[in-house]
Amino acid sequence: MEGVIVPLVTPFKEDYSIDFEALEWHIEFLEDKGVHGIFTNSTTGEFTSLSFEEKKLLAEKGRELTSKAYYLVGTGSTNTFEVIELTKHAKDIGADATVIVSPYYCKLKDEAIFRHFSIVAERADIPIILYAIPSCANPINVEIVRKLALEHSNIIGIKASVDSLTYLGELLEVKEERKDFKVFTGLDQYFFTLLTLGGDGGIMACANFAPEIHLEIWNAFKEKNFRRAIELARELVRITKIYKIASSFASAVKLAMVAKGFPIRPVLRPPYVIDGEEVFNEIREIVEWRQMLRKESL
C-alpha cells in the first residue's frame, strides 16, 4: 500500500443525515482521477460526530462504492473495546486496512497507548495503520511505534499528521528494522518531502478536491522528474493555506469542494460549524488561483 490516499469528507444533507448520493459521486470522481486509496470515517470526515451505527453504515457503503482503490476505514475511539468491534467490522466487510487514531480527550502515558494498540492488534486480524495527530489526540512516541511494529505483524504502518521533520525522520528509522512498515504523512505540505526521505505516500485532506496535484507529484517523483515535483509541491503548499483560513479541516475542505462546483453541501455536523462568506471567498480565491494556473500550463 502506497501513494495518494484520500481521507474522505462525510457529505451531509441539510437535516444532517449522511448524503450517500454525494458520497457515491465523490468516490467515483476520486477513483476516476486514479487515487490509490479511499478512507472513510476520517478526521476530515467528522468521525467524532457520527454515531457508532453510522460509522458502521458509512464503512459498509464506502466498501460497496470503492472498486478500484485500496479501501481503508477509520476505527478510532476513546474506548478500546469499541475500537475492537469497529475494527472487526472493517475486516468483516472486506476493508483492506483500518486507520486507528490514538485515544483522545484523556491524557495517557506511553504504556497505556502501547497497551491500547496491542489489545486491538491481538483481537482484530486486519492490517492496522496507526494514526498520530497530537493536535487532537494523545501523541504516539516513536519508540512506542517501533515496539508495536516489531511485536505485531498486522500493524503495518503509521499516518503522521505531525508538523515535525524530526518525527518523520525517526519514524523512517523504524523501516530500517521492519522493511514492510509504511510511513504516510497526513499533512499535504510534507508529501513531497516525505517521499524524498523514503516515505510511502500521504493520507491528505486536500486530495478531496485537488487529487490531481497529489497524483502529479507522486508520478513526477516516481519518474525522477524532481524539478517538476518541486514546482507542484510549492503549489500544494499554497493550497494548504485553506487550513489556516478556516476553523476546521472539514470546513476548509468542504468549502473548497463547493468552490469547485462539487455536489457537496456546505454542511457540518454540530458541534462543528461551516465558516461564513468571508472565509468562503478567501478559499475560493485559492481554488481559482490553482485552476487558472493549470489552464496556463496546458
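Each position is counted from 1, following the chain as shown.
Cβ from N, Cα, C; glycine included.
A quick note: this is a predicted structure, and the numbers were derived from the prediction, not measured.
What Swiss-Prot lists as active site, charge relay system is Thr43, Tyr105, and the listing cites similarity to another entry. Taken from Swiss-Prot, the feature active site, proton donor applies to Tyr131. Residues annotated as active site, schiff-base intermediate with substrate in Swiss-Prot: Lys159.
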Between the C-alpha atoms of Thr43 (active site, charge relay system) and Tyr131 (active site, proton donor), the distance in angstrom, to the nearest integer, is 10
For the active-site residues Thr43, Tyr105, Tyr131, Lys159, the largest set of other C-beta atoms within 10 Å encircles the C-beta of Lys159
Tyr131 (active site, proton donor) sits from Lys159 (active site, schiff-base intermediate with substrate) (Cα to Cα, rounded, in Å) at a distance of 5
If you measure between the CA atoms of Tyr105 (active site, charge relay system) and the residue listed as 'active site, proton donor' and round to the nearest Å, you get 15
Under a three-state DSSP reduction, the secondary structure at Tyr131 (active site, proton donor) is strand
